[in-house]
Amino acid sequence: MSSFDRPLTGEVDGDLGQDWAVSPQAGDEERVVESALRPHSLHDFIGQPKVARQLDLVLEGAKRRGRPPDHVLLSGPPGLGKTSLALIIGSELGTSVKITSGPAIERSGDLAAMLSNLGHGDVLFIDEIHRIARPAEELLYMAMEDFRVDVVVGKGPGATAIPLEINPFTLVGATTRAGLLTGPLRDRFGFVGQMEFYEPAELQLVLARSASLLGVELTDDGSAEIAGRSRGTPRIANRLLRRVRDYAEVEADGRVTRDVARAALALYDVDELGLDRLDRAVLEALVARFGGGPVGVSTLAVAVGEEPNTVEEVCEPFLVRAGLLARTPRGRVATEAAWRHLGHPLPRGGLPLGGGSLPAADTSPEPLFEA
Ligand SMILES: Nc1ncnc2c1ncn2[C@@H]1O[C@H](COP(=O)(O)OP(=O)(O)OP(=O)(O)O)[C@@H](O)[C@H]1O
Ligand SMILES: [Mg+2]
């Protein structure tokens, strides 16, 4: 499998599609590169004006009172800056950040140990907090509310719970699936920041900053070209920048101009809207083979030689968000924008039902974050 192919399996949880150019998830190597590009202060953090402003107030207020701020939940799709913001919270407060993740906390004892090791005012960052095991979650309730944990000593009927005081701390939770959090957990966060997709102009600022950190010469039209194809996601923008830089160094004079970006992204199969080969194959099948739909997702998946859940979870969220595809009760339907984007003349009898109206027809189970 070439490094730009998508995974061929139906396994779409966890390390999903991290090799593919427009995947919102990061691969292992990419995490290392990313840490070099992370903003370190709220001032450096681009976009998300609402969340950033609110968070600034929360942190400033806490600093003035000399107390740790409320617990913070950051929610939103992958690659929008949740981890970056969590680390920024620590650096703005001048405290240390202990990092873990929901799936890494296997036993509640592990979490109890971690909590009792926190220093006064430390930040505990739990990534993917929706995946935390139930017993650990229950332990967290008391820790968040009363800065206490119950340590169970002994086993069976003779076991006793000894309450242990812990230092006041701030929990920062990040989740891509806020809908999966239980009510009691969500309620214990004093501040919830909902991350939104970025505007192209904001992505251009992200790109300019990354280019200067990487020592890449990037022109305005070059960054506009990359920003427009980055699906509103800084992680994708940074990744495309790195790929275009390689191309610029090998095939041109190293400068990332509009023409260089266009040629490079054509080579990597990322089109003007940020669709890749599979996204386009899905739309093309829908339009050319099924007359624009409605067609069931499994039929569509067979037509492009993919697993239904890859089509459903990898391609569709962005196609829906980009207004190219609608999920209707009768099946998937291509919108007018999809016909136009693929360069197909619109069908004479008009579009199938659902092709013109978007959000109302969407039946996806997860909340879709609008661009
Ligand atoms: N507002 C921003 N300004 C500058 N760079 C950003 C911003 N947001 C994200 N980035 C860049 O995008 C990359 C991904 O961000 P980050 O890891 O914080 O996303 P995330 O929301 O935690 O993703 P995931 O859900 O996969 O954990 C980082 O390397 C960072 O450099
Ligand atoms: Mg993260």
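Every residue, even glycine, has its Cβ placed from backbone N, Cα and C.
The ATP binding site annotation in TrEMBL covers Leu37, Arg38, Gly79, Lys82, Thr83, Ser84, Glu145, Asp146, Phe147, Arg188, Tyr198, Arg235. Listed in sequence order, Ile46, Gly47, Gln48, Leu80, Val206, Gly232, Thr233, Pro234 are the same-chain residues at least 6 apart in sequence whose CB falls under 8 Å from the CB of Tyr198 (ATP binding site).
Under 8 Å, Cβ to Cβ, and six or more positions away along its own chain, Thr83 (ATP binding site) finds Arg38, Phe125, Asp127, Ala174. DSSP classifies Thr83 (ATP binding site) as helix under the three-state reduction. Taken from TrEMBL, the feature Mg(2+) binding site applies to Thr83.
In three-state terms derived from DSSP, Arg327 (DNA binding site) belongs to an extended strand segment. According to TrEMBL, the DNA binding site annotation covers Arg327, Arg332.
Taken from TrEMBL, the feature domain 'AAA+ ATPase' covers 68-199.
Residues or ranges marked as region 'Disordered' in TrEMBL: 1-27 (among others).
Among the features that TrEMBL reports, region 'Small ATPAse domain (RuvB-S)' is placed at 199-269.
The annotation region 'Head domain (RuvB-H)' is assigned in TrEMBL to 272-371.
Marked as region 'Disordered' by TrEMBL: 350-371 (among others).
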Problem - Glu145 (ATP binding site) versus Arg327 (DNA binding site) - Cα distance in angstrom - result: 41
Practice task
Could you tell me which three-state DSSP class Arg332 (DNA binding site) falls into?
Solution key: strand
Problem - CB contacts for Arg332 (DNA binding site) [other CB atoms within 10 A, all chains] - result: 28
Problem - Local Cβ density at Glu145 (ATP binding site) - other Cβ atoms counted within 10 Å - result: 11
